[in-house]
Each structure stands twice: as C-alpha cells, then as structure tokens.
C-alpha cells in the first residue's frame, strides 16, 4: 500500500459490504480504501537541518531578513540584538509621560525593596541600591519586554544568602562573602546568557508550574520566618533556614524580644498589608501599595529620629555610602577553594532568577497582546548580571511586584527602567544620609509584605481539584523547602518535574475506542459514553510516541488489553475477538525499539490467530516503518489511513 495514489482498492458491491459491517452505517456509497503514503525521502543533511531547526529555532528568527536589502538587513539586525533601537526609533513625547510616571512609581518601591533584599542575601544594604541602578540600564537596551521592572528579588536573594552562609559568615568574613556574592552573580549571568545564545531555554521549563508554586510558597514562609529576627529585635538568631530551627531560635531567645521593636514592626506591617489589600481589591489604586513601602520608610525614619529609637533598643541601618556603584571586577575570584561554591550558587540562583523573570515577562506580554523573545530575554538577563557583577551588584531579574506596578502605572516601553535607575541614582548621590535612622525592623516588615503574595493557596487548591499528581509535586516542593532546606526544596522540585516527565514517557496512555453512532468517528469509550464497541474488534488508541523507554510497556499493556477483552467477550458471550486495530494518529514518532516491539506484538498475535492492523500512521512513523521492513512484515492489507477503513476492510475480508 506504499504509494501516492488516492485510492488503492474499491469494493464493487457496496450493498454487500455495508451489510457485512458489524455496526450501523449512515450511507451505502461505494467504500474506497485509501493507501497510507510515505513522505518523500530526504537526505541526511536535510533531515538534520529540519530537526535542529525545530529544536533550536522554533520561532524562525531569520524570517524577517528574507527578501530584504542589505541595508534593511543591517537595520533589522540592530533592532533584533538591541531592541532599544526598535522602540526608540518610534518614540515620542506622549509616551514619555507614561514611562516617567511608571519609572518614578516603581522607584518608590524599588528603593526600599532593594535595601531589604540585600539584607536578606546577607549583603550590605547599599548593594541593593547598586543592583537597582546598573542592571535596569542594561536591560532597557537588550530586553524585549515593555513591562518588566528589573532589580533584586526575594527568592534569589534568599537562596544566594542561604547557600553562601553555609560556608562563609557575612559577619565574620564580610569581604570574602562579598567576593563570593559577586562571583556567583557573574556565573549566574554566564549561565543565563549561554542558555539564550545556545537557544537552550527549554531547560528552564523543567521547573513546572506546580513545583514552582510549592517552592515559592515554602520559600516565602521561610523568608518571612527569617524576618522574625528583625521584627522581634532578636540579637542571637540561627543561620539555618529550616522551619523547625527558626522556630526553636525564636522561642529560645524570647528574652531578647523588644516590645518597642515588636510594636513598630507589627504596626507598619499591618499598614503595608492593608495597602496591598486595597490595591488588590481596586486595581486603579495600585499606587497605594506601590507607595506604601517608601512611605513606611520615611515615617519610621522620622519617628526613629524624633524618639531616639536607638536608645530604646531599636537598631537602625546606619551609615550608607554615597555615590555611584564602585567597580568590583577586582573582587571576582575565579580561583581558590570557594570557586565550586560560587559556581553552584550562581547556577542555582541563575535558574531561579531566569524562571521568575521569564514568567513575569510572558505574563504581562500576554496582557498587552505582544510577544517577547525568550532567548533574547535570557541573553539580556544574563548580560545585566555579568555587567552587574563588575559594578557591585548581585543577582537581579524581573520582579513580579515591581512589574505589576509598572504595568498598572501605564508604562509603554522599557524607558521606565531608565527612569527608575535615574531615580535610584539621585537617591544614591544625594539622599543616603536620610536612611541613617531607618529602623532595621522596617526592612523586615517590607520583606514580609512583599513575599506574602508568593503563597498561592488558590493555585494549590486548583491543582488538587484538577490534577492530584501536580498537587503532590507542589506539596513535596513546599515541605522540602519548609522542613529541610531551600536547596533541598529546589532539588525536590526539579526531581519531581523530571519524574513526572519520565512517568509520561515510560507509561503512555492507551485507550479503548468505539464508534460514535451515526458517524465514522472513533472515540475513547471512557470519554464518549454513547460510543459503542465494534463486535470482533478491539480498537486501541496509543497517545504518545513509541520509544525505547515505553516500547516494552506498550507491548505488555496491549497484550493485557487483549486478554481483558477476551475475558469480557467470554463473560458476555459475544462474537469472538478477531482483529486488533491500533490507532497511530497520536504516535508522532517511533524509534527502532518501538518498531521491534510492533513486530514482536504482531508475531505474538499471529500465533493466537488474531490480526493486528495499524491505522493512520503519521508521516515520520510511516517513513521509518517503510525503511525498517516493518511495513513489509505487516503487509499492505494491515495498514490503513483511518480506523473506519481498517474495520470496513477487515470486516469485508472476514465475509469473503
């Protein structure tokens, strides 16, 4: 049946044929059984080129250069590698107003958050401001998202701090700790940019949404518990990140609790949470939650100065260095005993930062109905981290909270990041002395208010309702972070994601199909209750590619379906089973192990006087079956274009 004709067989007596079919048919038109065509052969080079193109260039980035003049190609290339020239060429003053408002608004959020997140990472507070200045400038030139607001984020800060603190103490060895943070940031940038340049962004997708939901929720709780040190005024606090050690430390040091610190911390935390609630309920009032952190910092600083808070046990930030980012190239350490720690920390924080930044960028791009280039985003985020590591910055990415404010404030282009960076620069040059009296407890309250939104209870409940396995993955990652460590929770999240992929790859779904009355369509009996079995036939649908990982399982599972069908037939005293039809429409690929499994399955069923028929093999599968000789083993009378034709032909042959 291999060929190119549209019709290979015609039954002359349509009435006799229709009568022979074991199920009702809507008409008595002459039946035509079509052949299954094999695609035209391609050279090895052509096949390899097509395959690599689908893997690494699914978006066909060179399409825009086709049939263009050399000069136009140069302009398009400039736009492609530096998106600022694309949106900058059409920029006008009407857009500037929106971007300026958005930039100033997110700066009011970025300044207090930057200081707070640096503290979370175990770094000097000024590093948080440095990281809110240089990276946004780099991203505005290279990034393709209009809404992404760049800067330090809580999860990456937590992971970097927890991993580095296990080996080096930021209090005892601050210089070494700072060197490792900058070096880890450099490696994070190298890893991120490499994924983009090599177009390997699909690696990031191994962190599935359910595992990320659990991981982020667990990390948010750990971050919040860590802030109890500042919120309660505790001096001696554990450096461990687990739920149990933190709670033990809180209650073992309850004599250090300072009521003044507790009152101030809880008061401003309540203010921040109320502001957040107002903005969530009324999106038009987004500026309420955006301005709340800076307002809290200003008010707490004034109160601290007036009432001499330091004399009442409330610790303040103290002196912050004025001026722009000092260079830190000389602090990058590519040798010594801690290099492996820096690389490991960089890769893990790089993956988390990249995952968060990509998710945030895609979310707001979909809201405004435009697309971002994932690989360019990876290069942009990687470049800003590599550049940032040389300018006293640590790992940065797109922040969801700041990006949401940027979006709601009406930003039009990435210029809002430049405005934000300018506001941060102004702060570093002229406003640093004002932060001297800012209470540390205020930073803890800002962090708790920021990360509480990462706990997605509704998302977890939806997972329970929709997919119990996804819920299990979510909870495993959640408790892994909460009860063991942040790193172990991340490892559990990745492990569960990979395990889920292996489960789907090694245990594909197979279903029994039946005919929907009045049609020639065959559907899953469990899904379509009106569908009816075809007497003497067992129609099975295979819903995955057939590879070495699942070929033996499929062979055993199909034989089990046959056994169960024969037992059912015997019990209900129906017509004996004569033919098994495999619907191959969903089998998008097959390898040599899969073809061998089909051959073995046919031989096994032949010994039991049962026919095995293949229906609707797709192009690549048909081509491989033809090349391997499996096609000849089955014969043209056992391979059909549709399930209906396979059953009609087999039924006719049984009658003749």
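Just so it is clear, glycine is given a Cβ too, placed from its N, Cα and C backbone atoms.
Any TrEMBL annotation is an automated prediction that lacks curation.
Among the residue ranges 315-337, 338-360, 361-383, the one that TrEMBL annotates as transmembrane segment is 338-360. Within the set 286-307, 396-417, 506-527, the record from TrEMBL flags 286-307 under the feature transmembrane segment. Looking at the stretches 36-64, 65-93, 471-499, 529-557, the one that TrEMBL records under the feature transmembrane segment is 471-499. Tertiary neighbourhood of the transmembrane segment (338-360): same-chain residues 148, 150, 153, 155-156, 159-160, 163-164, 167-168, 176, 180, 183-192, 195, 201, 204, 207, 212, 374, 377-378, 381-382, 385, 395-400, 403, 487, 490, selected by CB-CB distance under 8 Å and a gap of 6+ residues from either end. For the transmembrane segment (418-437), same-chain residues at least 6 beyond its ends with a Cβ under 8 Å from one of its own Cβ atoms are 99-100, 102-104, 106-107, 110-111, 114-115, 125-126, 129-130, 132-134, 136-137, 140, 149, 297, 301, 304-305, 309, 316-324. A Cβ distance under 8 Å defines the sequence-distant neighbours of the transmembrane segment (471-499), meaning residues of its chain 6+ beyond its ends; these are 158-159, 162-163, 206-208, 210-215, 217-219, 221-222, 241-244, 348, 352, 460, 463-464.
Away from its own ends, the transmembrane segment (212-237) comes close to residues 120, 154-155, 158-159, 243, 246-247, 249-250, 253, 256-258, 260-262, 265-266, 269, 313-315, 355, 359, 440-441, 443-445, 447-448, 451-452, 454-456, 459-460, 463, 473-482, 486, 489-490, 493 of its chain (Cβ-Cβ under 8 Å, at least six residues beyond either end). Beyond the ends of the transmembrane segment (257-274), by six or more residues, the same chain brings 230-234, 289, 292-293, 296, 299-300, 303, 309, 312-314, 439, 441-442, 444-446, 448-449, 452 to within a C-beta distance below 8 angstroms of the stretch. Cβ atoms under 8 Å from those of the transmembrane segment (286-307) belong to residues 105-106, 108-109, 111-113, 264, 268, 271-272, 275-276, 278-280, 314, 316, 404-405, 408-409, 434-435, 437-439, 441-442, 445-446, 449-450 of the same chain, restricted to positions at least 6 beyond its ends. Secondary structure of the domain 'STAS' (527-650), assigned with DSSP and counted as helix (H, G, I), strand (E, B) and coil, comes to 64 helix, 21 strand, 39 coil.
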